Ligand SMILES: Nc1ncnc2c1ncn2[C@@H]1O[C@H](COP(=O)(O)OP(=O)(O)OP(=O)(O)O)[C@@H](O)[C@H]1O
Ligand SMILES: Nc1ncnc2c1ncn2[C@@H]1O[C@H](COP(=O)(O)OP(=O)(O)OP(=O)(O)O)[C@@H](O)[C@H]1O
Ligand SMILES: O[C@@H]1[C@@H](O)[C@H](O)OC[C@H]1O
Ligand SMILES: [Mg+2]
Ligand SMILES: [Mg+2]
């Protein structure tokens, strides 16, 4: 039952609307401090672990903590109904806002209805909800695909043979990125021969798929991959495939390779968005509860680094894990966690 | 009245792994050739030595893991803790490497030891507490996952593989032959020896056929079962070590894609899921079969849906060809 | 009535039935005629093809050739259900009860009474109670799980189950082999009544005196063929046995040696052995060279006693001494260790003695692997040598040592079980009803073997449900009743009368009453 | 032994499952911020019922000493199908329902046919058919989406008389319509018999093939009822590989918690239902205990480990070691 109002948002720099026609919401202002819950689904990968750490760290920041009476996190695994039930339970237990990384974009319609009736603010991020009745904090997935394809087109002006390593079949993220890539290639009018394999956002899987593709197709002119990028580069190295332009995500390991082998032809565009977006989502939820105007769909800035700009200690960290996602700060929202900080933070707490 | 007819079938006198006549194993190998022939219609590269070696290398990860699975299946049990045993092996080996040069040296043994610990819990649960393996291994898998999540979140562990791990998985000591393949060959040879020439192997088959009789024969069946699970945990973890070496780092999800293929490979190789029957050569065939099938579907850019359907149909078809249990009458 | 029979076709007739398993000819043009109102005994040594014959009759096995006629009309059974529908009920040598179903469920299993398509459990229960009563087993609760019943009770349920289908032909394949004398007497009364009711009965047994008591006519099988049929009582035992085994049959039991002095120290001794309520105050000893029998009704603790000695039972009390020294035996592994040197020939060869799909070789050497291996590695030559020796010694009839042991006949399987333990050259041998389902020839071999082993210095404890055996084989017999040793019989004191009366504990009771 | 003791012995495993569930649920509601409200019960039962249906499916097959590793995939496939078909007018919706249930039956029948007539070992056969069903699901729903008759969905996931969760009522109805007749029929008894001892069952001349075929087929049906409920609960269809695998594995855990023997011949669907509800409550306990988020998976794993080890205590009462071997 938020009021639909016209923009701009209370904090227009951070809460950028997704598109010009995006609606703006104004919820009735509530007295703080608030009870906020994070309903996460899957948990067993670095991205999600980092995300949870960030959420906790963000909620513990003094100015944020002052506004919160309770911040509760529950991870329900890959089972959609379990996540739906978790949200139901949060609603029944009187939480003011619920932040969700949704296991499925379309399955939450009944819960969204219930949240609305109960006056609970629902904010989805990362894996967002296919709805206009809740707030989405959104990454432009298709835009990423466009970006990568443009990068390859720039380096291969005459077109060429491209290896596209896709993510998990059937997810909107994978499809959006894929569509972005292919539309962009088509628009160049050049001849592109795209070989698609499934990497499942997983390094070893992507690595195997790439190795197989190289063994059979011998030579590619360019590569684009979503997730598993480190594995893809590793496969090239193992197969002694010459380095070629590459459009990929923001894993630290990938960026290490990009920096190291740039001179040998590994010209990278590394773009994506890190787990710190959860902080933006929490921030949005608090703003909504305070009665500020917020867009129904918030567009997150993408963190992009392109060759030759990979800077050690800023865009990548040689001493740190390959697995973490570097693009992790949102300066426009005053959110400046480096992944390093997040990983380090709890170490001291132990 | 010695009625003992002493016509000895010569084939039977050979060691088990040379029972080349085992129709299941022979058919499995025939299927491999068929698959390659089929693939070569798409591209002759499927017959190139690079491609085949690459497949063997990748197959050796599954091969190492499936070896442990086979041992457990021969006992009539199953190990569903493979996914996180693999992850634990890889992650812990990498983590150990953070502790200076000593850590580097101990990385691989430490990773394997962690897998053995999981196997030990499974083994105690199955052998001493008599909990069905299907459920205790499911539970330890969940616990291992929980531990790794806590660990990753709390300790920001190092996750890049050591040079030794990388060398094992991707190097080649013998020119042209990846080390991973050599390792699988060694593990396979040990497995064959263990299964056919040792009291342990005999006991495994005996227990798989009739544990009660094995026990009454004075075999410490519980210890054998426990040891088998420990070996399975160790090999899963070692698979994880190799996998981490291959990808040059470890990640939580690295074992997810190995459970069902490991079971399928063992059974496609003619080992009875009920225990007591099966030869290692069959498992080798099964592993190569599964790896090739996955790879060919991948390279042919088959969409995921079709890939799953073909995968399922091919497995059923091959089993119908040779994996049928004898009729009751 | 006899007049009519001549014109009427026989109730059931089998002609030219053959069945091969690989190279083994289980049946070779076998013939059989079954008449109503008669008990027809089938005799033959182990592996003669008796069980195969009746499996063909019961639709369990399909013959390679030959035909079967019921009431003169040719019939074909594709499955046991067909045979059943035709009025043939069979009690197989291997029990066909489902362990996790109740007695009532088992009795009514094939065709339970139904209402509205669903099983009517009330009616089923009545049916079961009636069938149990008919089989003389009214004491078995119809709701008990078969799994929880001792073997002899299961056998009775099996008989009740067969009767419940109201068959015209009832086949019993060694149905009494697990029964004690008292149960056998009950069963016989039932069988005689059924004969009077006009049923045709086929009766397979290795116990000659049973056949003498029951049968109207007999058919002897050898090597898959029926070698002769005759009216009961027209042949002497010796003649019959000669037909069966093709050789002379003379004194079954080996002579017992003269008792030596009692001074020799006992090799095995039990003091105040107890186990829950099932074994109490067990005191006895066995010397080297002695064969000591365990007698009594079935289920009086004899099996428990053997298992307790072998380290299988938990929570036993009292003391077990080996060579006069206290021994802790907490597992079969300890029991078979060199220090103790014990062997147990278990009760049920299919589930406790053998791994049926494994080869004869693997089964034979399974208990002795530790002796033929170094550091866990099997010395195949040593293994081979031991195995060859044993196969010769016990004359095991097999197509080779690399065939699955499951393909051997029951008697030969039993020999493998015994051989497997003899390979360890045990000093203390426990036997749990080792001659169950074994033909006279093989039995005789086993008796002689036992005596030879004893003479060579082994201490033998021998449980048998067959009184003849106890009388013929044992130097002493301990009779158990309700978990206690109530009588010890010795030498010429071991008589059928003494065994039975002490088994029923009658003397003890009269004595108790007198006191 | 008197009559009631036999009854108790027959029901022991099921009663254990009821007990474990009751205890866990009690802890859950006692600590729930909202307490024991109709909403809380509705939420718990909607979630629990999904797994309960899949666990029922698994039970039928496990009773025959088989296993069905494709139940989760049938669940997913029918969810995807329902998100196409169970929409529109009452007539269309009804036809859609039948089509979905029919598909479940067909999948189960295919499993049954392969296992029984193809004589394949159920574990691998159903791994393979599971891949096929998942592939089909992915063809139907390359992306999550679709819709369902919302009136029906709300009715079946809502409450009766404002109090009783409708999903529980449907569950009870399915038990009455599917399980009770099955378990009391000759076919059902044969399923138990062949699970307990296939040889004995065969010798007894009972219709083993029919019974196994019925068990697999009905399992498909039950899994598809689960798939329907998933659709009612989410309004959409999704070909989620991870969910399919998770439900398959959870169903095995539920069956074991419910006292059904994986060796066959023992246990009942009622036990499995409570096993499923208990298993689901393990997840719910996360709400009521303030656990560090990253410790939650470990907590669930440990609770599961403890729960499955409970049965092992009976072991210490075993006096005859041969009983270890069943
Ligand atoms: N399933 C089988 N596979 C192979 N051979 C078999 C099988 N069943 C029986 N035989 C063989 O057929 C022959 C006859 O066996 P059968 O069981 O009929 O003998 P039997 O007369 O009943 O003996 P016993 O008195 O020992 O029970 C034996 O040589 C046996 O080894
Ligand atoms: N498994 C069984 N085996 C033998 N008799 C049984 C079995 N189950 C029930 N009965 C008997 O069948 C009769 C009626 O069956 P009924 O179905 O009413 O049993 P019940 O005791 O109510 O069991 P339940 O509670 O499972 O329905 C009773 O006499 C009962 O003792
Ligand atoms: O957005 C994705 C996130 O949801 C997943 O958990 O990890 C990989 C990311 O790309
Ligand atoms: Mg026989
Ligand atoms: Mg009743």
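For all residues, glycine too, the Cβ spot is worked out from N, Cα and C.
If you look up TrEMBL, you'll see B:21-43 (among others) marked as transmembrane segment. Tertiary neighbourhood of the transmembrane segment (B:21-43): same-chain residues 11, 268-270, 279, 281-282, 285-286, 288-289, 292-293, 296, 299-300, 318, 321-323, selected by CB-CB distance under 8 Å and a gap of 6+ residues from either end.
Sequence annotations record features per position, and here TrEMBL assigns transmembrane segment to B:55-75 (among others).
Residues or ranges marked as transmembrane segment in TrEMBL: B:82-100 (among others).
If you look at the transmembrane segment (B:106-129), the same-chain residues 6 or more away from its ends with a CB under 8 A from one of its CBs are 77, 79, 81, 84-85, 88-94, 96-97, 136-137, 139-140, 143-144, 162, 164-165, 168, 221-223, 225-238, 240-241, 244. TrEMBL lists B:106-129 (among others) with the feature transmembrane segment.
According to TrEMBL, the feature transmembrane segment maps to B:136-156 (among others).
When Cβ-Cβ distances below 8 Å are used as the criterion, the transmembrane segment (B:176-195) is approached by residues 15-17, 53, 56-57, 59-61, 63-64, 67, 70-71, 74, 167-170, 201, 204-205, 235, 242, 246, 279-281, 284 of the same chain, each at least six residues removed from its ends. Per TrEMBL, the feature transmembrane segment maps to B:176-195 (among others).
Annotated transmembrane segment per TrEMBL: B:224-246 (among others), in sequence order. Long-range Cβ contacts of the transmembrane segment (B:224-246) within its own chain (Cβ-Cβ under 8 Å, at least 6 residues beyond either end) map to 60-62, 64-65, 67-69, 71-72, 74-75, 77, 79, 81-82, 85-94, 108, 111-120, 122-124, 126-128, 133, 159, 161, 164-170, 180, 183, 187, 200, 203-204, 207, 254-255, 258.
Taken from TrEMBL, the feature transmembrane segment covers B:258-275 (among others).
Under the heading transmembrane segment, TrEMBL lists B:280-299 (among others).
Summarising the annotation, TrEMBL assigns transmembrane segment to B:305-323 (among others).
Long-range neighbours of the transmembrane segment (B:136-156) within the same chain, counting only residues 6 or more positions beyond its ends whose Cβ lies under 8 Å from a Cβ of the stretch, are 78-85, 87-88, 91, 95, 118, 121-122, 125-126, 129, 252. Away from its own ends, the transmembrane segment (B:258-275) comes close to residues 22, 24-25, 28, 61-62, 65-66, 69-70, 73-78, 80, 82-83, 86, 207-209, 236, 239, 281-287, 289-290, 294, 315, 318-319, 322-323, 325 of its chain (Cβ-Cβ under 8 Å, at least six residues beyond either end). Same-chain neighbours of the transmembrane segment (B:82-100): 65, 68-69, 106-108, 110-112, 114-115, 118-119, 141-142, 144-145, 147-148, 151-152, 155, 157-162, 165, 232-233, 236-241, 243-244, 249-256, 258-259, 262, counting only residues six or more beyond its ends whose CB sits under 8 Å from a CB of the stretch.
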